[in-house]
């Protein structure tokens, strides 16, 4: 065999990620780990070291995670581990396993020497706190959260990891017997492991950025607010979710704990006995006890997201809005997709994506009432009025459907994100604040032509999929991906998305409450992409007009009489506009909040995984 043939075979070996990592065997607190090195071209040069499946913690069912005890010999870190136990998409079975707390690392390497002191980006996945994994969705071994493109294009270390989800990650009795937040504590353990060990991989332990999307973005926000992470995190990026999101904190965990306990045959009157029983129940039974009907639900879908973080007096010691002093020195970048609410609107108002089915005023009014229960009839009416102002001039179905999506986007994503940005800015000491809107239209061919960027549409661009799978994307998609990776990794390096090794298409100015600066990210990013005060009219409505209305329902409990109830919409033209209900049968119900309201009908409506 000739020398050229030998060389070719050797290069092919490395391109298949079968060569030993350039770092060699790396010593961690648990023992030695050895990954693989993947060459980025046949001619050699740059490469990436990849370590998959490194254990960072262990955990028993419904208990806090503990440090992993370590291993003997050298761990071959070459394959992703199974995700944490969760329901399948059909919710009639489970997959994954309880032994799931593993992380993955991508380290870019140059031609001559191994990397050192690189910024570190730690990814937290979304999935409604119900599903997901550190590697993400898989299509022909092409994993969504493969960190290679970010690492090599941005010259940063990328870390992803698993954390517990669903009842196993967030079931809580609301007291010390079962405090919950196990999934958040898993995340913290991964961040702390990175802090202690990443220097051995060439990373800078004093320059860690956590970033995430949806439930992962809310997790990022909550991690910056938790006193447990003091000194661990330098910067944070929240994509479509914050700690102040209406779906990020469960205010009534005991109700849902009792509901699950009843389903699996555990006592419910005493939380200590209930917790003890739940901890020894088959984890698969606990997981499958939570189920969601994805149609014909009585309330907006977010009301059914039961197993999510709680204020436990410890890891999350207070209402998140009171914890922003803890993030005063953490640079923060946050934003939303311009039609983030579309995914949820398709569940709440199924006609949204159906060309031959109309959205009616009644549909929208009922949706609004479900989201404005706390302010009763006046809140529902005021909200309905401001969002439907354009309908008189443009009663087209396109305009009406876009209004529904805009409303869900505002209340679930934009308003809480703007609140979080303002809180961060108000409490920041040395930290900087940046805001964005992602508006590159969805590539889903089944969506209406008016569709913008749906929930999670940004993920493929942040993780460089237009480069990893070029045949599936257009040149404009690669332009968007290149810009997002550049801004994100520059921010991780310096706290400024403009400053770093990667050139950017235009200068991104910091956010303040006075200027309302945000960068509009799409295929054409120019100086005109820097804009101010996103949807200012609606922000003012929610912050001023809506907030000034008297609260008639506290803590999501039902109204006591019809005068306070959220109304149902008109049913014919003679009514002219939405009117309040005239009897109990017309009142829009609110989700149950305590055991007195529990029953078979409630359990039949109980949700499972969707969206966030």
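In case you wondered, yes, glycine gets a Cβ from its N, Cα and C as well.
Residues or ranges marked as active site, acyl-ester intermediate by Swiss-Prot on the basis of sequence analysis: 214. What Swiss-Prot lists as active site, charge relay system is 340, 455, and the listing cites similarity to another entry. Feature annotation from Swiss-Prot assigns compositional bias 'Polar residues' to 583-599. The disulfide bond annotation in Swiss-Prot covers 84-100, 266-277. Swiss-Prot lists 567-577 with the feature repeat '2'. According to Swiss-Prot, the repeat '3' annotation covers 578-588.
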Could you round the CA separation between residue 214 (active site, acyl-ester intermediate) and residue 455 (active site, charge relay system) to a whole angstrom and send it over?
8
Distance check, please: Cα of residue 266 (disulfide bond) against Cα of residue 84 (disulfide bond), rounded to an integer number of angstrom.
23
If we check Cα distances from residue 340 (active site, charge relay system), which of the recorded positions 84, 100, 277, 455 wins as closest?
455
Using all protein chains in view, find how many other C-beta atoms are within 10 Å of the C-beta of residue 100 (disulfide bond).
25
Here are some disulfide-bonded residues: 84, 266. Which one has the most Cβ atoms within 10 Å of its Cβ?
84
Cβ contacts within 10 Å for residue 277 (disulfide bond), all chains included, total 16
According to DSSP, residue 340 (active site, charge relay system) sits in coil
Cβ neighbours within 10 Å, counted over all protein chains: which one of the active-site residues 214, 340 has the most?
340
Averaged across the repeat '2' (567-577), what pLDDT does the model get? Just tell me the whole number, please.
38
Disulfide-bonded residues 84, 100, 277 vs residue 455 (active site, charge relay system), shortest C-alpha separation belongs to 84
Three-state secondary structure, residue 84 (disulfide bond) (per DSSP):
strand
